[in-house]
Every structure is written in structure tokens, then in C-alpha cells.
């Protein structure tokens, strides 16, 4: 309660200048200034923007306040809390101002608040799930909405004729107009409530998809009936009705088409933003917003436009933009959507406190509530019954209950109602107040009870599983098998279409819309693999950091060696990953064994090189300082970040290899390196141990050509450090030359665990060439090295002798198709 | 059986054995004759005439599965040279969707059969184990659709997947222990919790389909 009062205080502060401003605007300011004022109070100057920003601040602060108490937020959905807060604030404003000065205007809602939410929904839409259920979604969205609108409108009119509602100035058309605006399930409300409920993905996508796609129906129905009401019932002819039906197809397909066109444009633009990384994320927002505005301009369905813009562009954009930009896009989009949602719900509450719009008609309001609920249930049951004849995953009765119950109405309905003109819709105020009641009832009451309902009914919930590599592989195999079976049996089914589409996509679309490097790494399986590895490495390093040192990765002497004990229970942050499982099950023995052996063997050999190299690194120290200048067009990567990445990468590889070599009984020489586009050419090939090994020479030849390709890619992606590349090339060459020697005199080592570590071999075998190379061109890291690096990173300096920039391959590897789990995935942060 | 003049009784027997409806069997039979060019059996070469299959990266494996005797519910193992219509239907029946009225036990068997089919596809040397090399081959083929991906990547992905499998199926392993390959039991374990029955199915339509064939 204290928090609420503090918010109220803030608001009081805000309302005060507002009142002041009004008074001062009544008496025009004097312009006959006698002297120059050092400071002047220009409230009028900033008033409008200031108030808006303050409102946003209040809403955001309110969110913080809500989340101070977990008990409250677990039970009450945030949207409901925001509405209540809005009502309270509205009351305060009303008390202070005596008129309701702030309301949610349709203009603001449709132009600024709705687009970010819908774009967010489209851009993060699980495409496969969405298109897999598209048939059902369309059915609910189109037929369900028409059904709801018609039945609600007609039933209300029917009851009105009996005279219970008293005398209203409305005819049948007005009731149908009201029915059409109240019929649509609202995407904002559905998202807000369902994200907290976590029902299974099929159920979610159906309700959510419906709420997005029914926009076209709502827009058309609304426009048609609004025009009819304006024209008057006598002018409504059959031709007009046919026009209405035609306009539905134009509006929906047109909106979709606009979205797809802009998605194409956006993907194409994102292909060429290599040199303007900083504004790269901006394109995503600007072009999608343009699609919204264009559709609005052409009076097409703008929600469909921006949804499909997001859905269609996501694959290409995510592949094209850099990892940092992708993160930026993700965060910005979530921030905008979450902010807009917060503001919407709060303003819904504020708007309700307006004596001017309230017209109470108990029968009308109650009957509306009853009808929309009842017809929603009936509609869902009938449609599901039809759909279940065609669906693979049946929608059961429990699902139907949730679907009916989840039919929340929201701000779209309110904005549409507010758009009505009193001139020709006589009962506008009744419609508006009824809409508000309906919205409040569905969001607060249904939102509050849906969670217990879902628990009580034991609705299948989403399982948060990590993507498993095997699963992805089998999934891919399935796609091919199924489409092949459809080919063989001569059926044209879902798999057939998907297969044809992905072929088309691969052959044409991706070639046009994706960077070459992105085409290479876009494979989903590769992404999962990469992601798993990364997560693995992160948790590994996190573990090390938790124990206060990074020394466990490599330490130059055995004395301060820290062995990682993987058996210790760790904080829950990383616990759920598959990789954790891997480590937990099998890590302790093999990793430690190998690490010990490696260290013991290599310490003496490497220590000299290490010392030299450390010296070298510090010699170049002064040079890097001017790199830390301010730049608007480039973000300097902090040194920590780079080091972290490198550490991640190295430990990850190391760990995985040691693990594998023991597990699979194979040599670890030729794994993983290709994945990371980093060639550790200095590989020892213990071909004797490889169970089904290839002939070594063959591999090296193959490797060489591959390496050339890799180099090309990094060249394309590298934007700042050509010197690194130069270095990389040199070392590559050396590496390849020497590697061939290696393969020739490779001796079979029976147990790979005891083989010398690859990276040590850099020092052991290549120091003559490498050091000469190094003195000429310092590594990128050496140049950017921060003199006093924090914590124990310095230990790692010897191993920074990477022959290629780590960042470059991380960049090239960056795009992922799925937001990572440790990044925000919901609009609720 | 499988001749052009299938009598109703024969049809019913087929329907009982494979679970297809008689309409579906008729359509599949028409397709069969189209593929076999009105012969009683299909040989491997017949599959070459399906143009859509050409771009399928694991085409060879799939066609292979049609001739794999393990899949044909015959006791022997090895490869058949040709298959008749009943065999064709048997293979197709692996891809039937689940039916509404199946009980738990049937569902379980159904599921196992589907998995068995998949397992046989991976286990190309019929030794009841998916070895690393076999897995690698499959992954390589799977990823061969992407021209930018090198074989090395495929290999390391397969290795990673194998490791994952090992950790799921065996758990704690000694340092010298070697995981030889995925047995069918392990395979089942890996698939636990994943609804294969909702994934591995083709909707066999009752209506006339468009058939591409030249």
C-alpha cells in the first residue's frame, strides 16, 4: 500500500503542473520581457511530451512495484493489476482535475501502442508450429469471429425487441456493429494472460494465432457495419453485402501481401548492412512499421501486415544480422512490446474513470457478458468437432474449455468502440461502457481464474526442454522420410508442401535474401549444436568463476592448478541444460584425467613460450590505448567480452573433445574444428586409433581446401581487423604445410587420453615460424589488450595465440533461429 | 494378391493386416501399379521414376527401407530384390496415423513399430546397433542438402549426437569405457517423452491424388 501511495504522490506532482499549465494557458504569457532571464520555467513548452513520458515512467515503476511481491503476481495477472492501478490513478486525476484528461485514444493505440506488440508476436512466432496449425487457426479466426459477431449482435437485438433493455436508439445494424467489435479475441490480452499460464504449445498457438488473424475479420465487419449504420438501414442492399464479403478477401489477403512484400524488402536490406552494424537493428523496426502504416493507408488489415512481415522476415533477418544486432533487436522488441502492453492496460483503467462515457444499462451489459461467453463456448465446441476430423493432434475437451475461457477481449475492442461517432451511433456511450465492462471482466476475472482452472483441469503444459541434438537430427530425418513417403504414395499433403517450399527457399529465396556466410551457417541443426556447445562452455566457465578462479582452464604450473570438481552442486541457473547432464553423468573422471595428463606433459615444453609470449603481449600495450575512443558508429568490444568468448570457446572444445575421446574411443583430432570455422591445423592424427578412420593424407588435402573456404568467409565478415586476417592466413599456411608432415610421421597412440594436447603442439612445433610471424604482426588481441585485465584472465595470455580472430567466427556463427533461453522470451520481464 | 483383380475378400484381409481402409488400399494399389508399370512387383529402379524424390537427401536410405526384410515382417534379414503390393502396403502402414480408439497397449506397440522402422533405417549393417560410423553417414546424408556445409561439420554433429545418446543411455561411464553404439533399447530410451506417433505419420487420403510419374 505504501508503494501505491508513493505512486499517487508522483501522480500528484504530475497533476499539479498540469493544473498550473491550464491556468497559465488561460491567461496568455506576457512577452514584454524587460530583461534576459537566466532561468525560465517553460512548462507549456514541454508539457505534452513530459506528461507522456511521466505516464510511461509511472507504468514502468508500477511494474517494478508489482514484482516486489511474488505472492501477488503469482496469483493475479499483471494486466489485471495494471488495470486496477489505472483505475486508481484515473480516480486521482479525476479528483484533482474534475475532468478525465487522459484517455486511451484510438489514434495513439492503433498507431503507437499496438504495432510493437504485434510485431513482437510475428517476429518471434514459432513458424513451424504456426503453419502446422494454420488451418485450425484460420477456421477459428474467420468463422469463429463471424459466428461470435453475428450471434451476439442478433441475440442482443432479439432481447432488445422484448423490451427488457428499455428504450434504446439503436436498430439491428447498431447491434451487429457492436457484435462485430466485441466479437474479436484480443491479441494483447491473450498474450498477457497466456504467457503466464504456460499451456501447451498447440493450445497456445491456436488461441494466440486466432487472436492475431481475426483482425482482418474484425476490421471488415466493423467497417461494413459502420458504413451501413451511417448510410441507414434503407440503403443496405444485397450488392453492399456482396461488397462486404469481397472486401474481406481484399483486406485480409492484401494485408498479408503487404506484409510479405515488406518482409522481402527488409530481408534484402539486412543483407547489405555489413558496414552499418550500428543502425542494423533499426531497419527491422522501421521497415516493419512501414508495412503497418502502408496497410493502414490502403485500408487493409494492418495487424495482418505487420504480423506476416515479422513471420516472413525472421528467418532471413536473424541469419543476416550480427549476433549483437540480433540481441539488440530481441531486447528492443521485447522492451517496446512489454512497455506498450503496460501502458495499454494502465490506460484502459484510466479511461474507465470518465463520467462522460458511462451509461449504465444492466440488462444490456449483463446479457452481453452472457452472450459472448456462451456463444464462444458453442462456437469453439462446434468448430473443434469439425476440425478434429482432420487434425492429427486432437483437441480434447479440456483444450476446448481453455480455448473458450481464453477468449479475452481487450484494448482493440475498446479502441474500436471509442472510434464510433455519436452522431450516427446513438448508443455510443452504452457501447463504450459495455465494452469496458467486458474487457475488465475478461481480463480481470477470467485472467485471474484461468490459472487455477488450467491447474485444476490438468491441461498439458509446455515442457521446457532443451533442444537435443538427437531430437533435431531425427526431426530432420522425419521431414525427409515423410515427404518421401508422400512422394512415393503419390499424395500431396502437408509434408509434400513443406518439402517443396523448403526446396524453393533453399534454391531461390535464401540465395537472394541471405548473406553467403549466413547461408552456410543457417542450418538449424548446426545452430542447436553451436548453442549447446556455447551453453556448455558458459556454464563451465561460470562454474570456474564461482570458485573464484579461471585457473582451472590452463595453468602454467602444476602448483596453482585447480581441478574442477563437477560433482559440487551448482546454482540452478545452468542446471537444466543437456550439457550439464552430460557433465554430471560422465564428466568427473575423464575430464580431470585428461586435464591432468595434459598439464603434466606440456608444462615444461610450453613454459618458455608462454613467458615469451606474455612479454610480447605487454610490449604492445601502449598501442592499443587510442582504440578506446568514442565512436558513434562502432561499438568497441570490451576486452572482457572478447576474452570471455575465447575462453568459452576453448574450454568448450577442450572439454567436448576429451569427453568424446574417452566416450567413443576415438581420436579427437578432427572434431568440432569445422564447426567453429577455426582450423587448428596443427593436429595430430592418430589414425590408428580411429575405428573407421580415413586415410590421413586424404583428410589433410580435404582440410586444406576447406580451410581456404573458411578464410574467404571470415574475410567477408571481418569488418575491422584485416591484420588478424593476414596473420590468420600466414599461420594457416604454415599449419597446413606442417600438418602434412605430421600426418606422415603420425604414430599411433593407443589411448588418446594420453596424447598431447593440440594447442600445446602450437608451441612445441611452431614457435620458430610463429614467433617471427608474431613479432611482425601482433595479434588483434595483443593490440587491444587492456593493461590491467581484471581477475585471472592474465593467466590465459599464453593461449591467446589464436591464428584467427575468435570474434570473427563467433560473428559468422552468430545467427540463431531461436532466442536463447537465457534471454528474455516473454514480454514480461 | 496385389493383382489387378483383387477380390473383396482379399482386400479385406489386406485391410485387416495393415489397418488401411479399402479406399486407401485401392488408391495405393493404383499408385503401386503406376510405379511398377503394371507389374506385380516393384524393384528399386522403379523408384527412380518419381521426380519429387530426386532432391531428397536421404532418398537412398528411404528406398532401401522398402526392401529391408526386417521391415517387411519377415523372419530373415537382408535385402529383398523386389516387393509385391502387400509388402508395399506393409511399409506404408508404418506411417499410419494413430487411431482414436487405440488403447495404451496398442499405442505402445504402434509406437515401437514406428521406432523400429526408423532404427532399421539407421542401422544399415543389420547388427542391431547404430554405430558411430552409421550415424555419421546418416547425418552426412541429411545435411548434404546444404552445399555450404562441409563433411567435417556433419561428422562433429554426429559425434555430438552420439555423445548425447551415450550420456542419456549409459549415464556414468568409466574413463576407458567405450560406447559402441545405440541399441534399440537405447533408441527407445532416447525417444522417451517425444510423441513419435504424432510426428511420424502421413495422412493417407481417401480421395484421388495427383500422381507424378514419368
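Positions of Cβ are set from backbone N, Cα and C atoms, glycine also.
According to TrEMBL, the feature compositional bias 'Basic residues' maps to A:673-686.
Annotated domain 'Cation/H+ exchanger transmembrane' per TrEMBL: A:56-456, in sequence order.
What TrEMBL records for A:673-694 is region 'Disordered'.
If you look up TrEMBL, you'll see A:1-21 marked as signal peptide.
According to TrEMBL, the transmembrane segment annotation covers A:49-68 (among others).
Sequence annotations record features per position, and here TrEMBL assigns transmembrane segment to A:80-102 (among others).
Annotation comment: TrEMBL describes A:108-125 (among others) as transmembrane segment. Taking Cβ pairs closer than 8 Å, the transmembrane segment (A:108-125) reaches residues 187-188, 191, 208, 212, 284-285, 288-289, 292, 296, 302-303, 306-311, 313-314, 329, 333-334, 336-337, 339-341, 343-344, 411-412, 415, 819, 825, 827 in its own chain, all 6 or more past its ends.
Per TrEMBL, the feature transmembrane segment maps to A:137-160 (among others). Below 8 angstroms of C-beta separation, residues 130, 168, 170, 172, 175-180, 182-185, 205-206, 209-214, 216-218, 221, 363-364, 367-368, 371-372, 375-376, 378-380, 383, 386-387, 403 of the same chain, each at least six residues beyond the ends of the transmembrane segment (A:137-160), sit close to that stretch.
For A:172-194 (among others), the entry in TrEMBL reads transmembrane segment. Nonlocal intrachain contacts for the transmembrane segment (A:172-194), taken as residues 6+ away from its ends with a CB within less than 8 angstroms of a stretch CB, comprise 77-79, 114, 117-118, 121, 145-146, 148-154, 156-157, 160, 204, 207-208, 210-212, 214-215, 217-218, 221-222, 224-226, 228-229, 233, 236, 303, 341, 344-345, 368, 372, 406-413, 416-417, 420, 425-427, 431, 434-435, 438-439, 442-443, 446-447, 450, 827-828.
The list of residues near the transmembrane segment (A:201-225) in space but at least 6 beyond its ends in sequence, with Cβ under 8 angstroms from a Cβ of it, reads 118, 121-122, 126, 129-130, 133-134, 136-138, 140-142, 144-146, 149, 173, 176-177, 180-181, 183-187, 189-191, 194, 240, 244, 247-248, 251-252, 255, 299, 301-304, 307, 393, 395, 399, 402-403, 406-407, 412, 416, 459-460, 462. According to TrEMBL, the transmembrane segment annotation covers A:201-225 (among others).
Residues or ranges marked as transmembrane segment by TrEMBL: A:245-269 (among others).
The annotation transmembrane segment is assigned in TrEMBL to A:338-358 (among others).
According to TrEMBL, the transmembrane segment annotation covers A:364-385 (among others).
For A:430-450 (among others), the entry in TrEMBL reads transmembrane segment.
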Dominant neighbour of the transmembrane segment (A:364-385) in A:80-102, A:245-269, A:430-450, by Cβ pairs under 8 Å: A:430-450
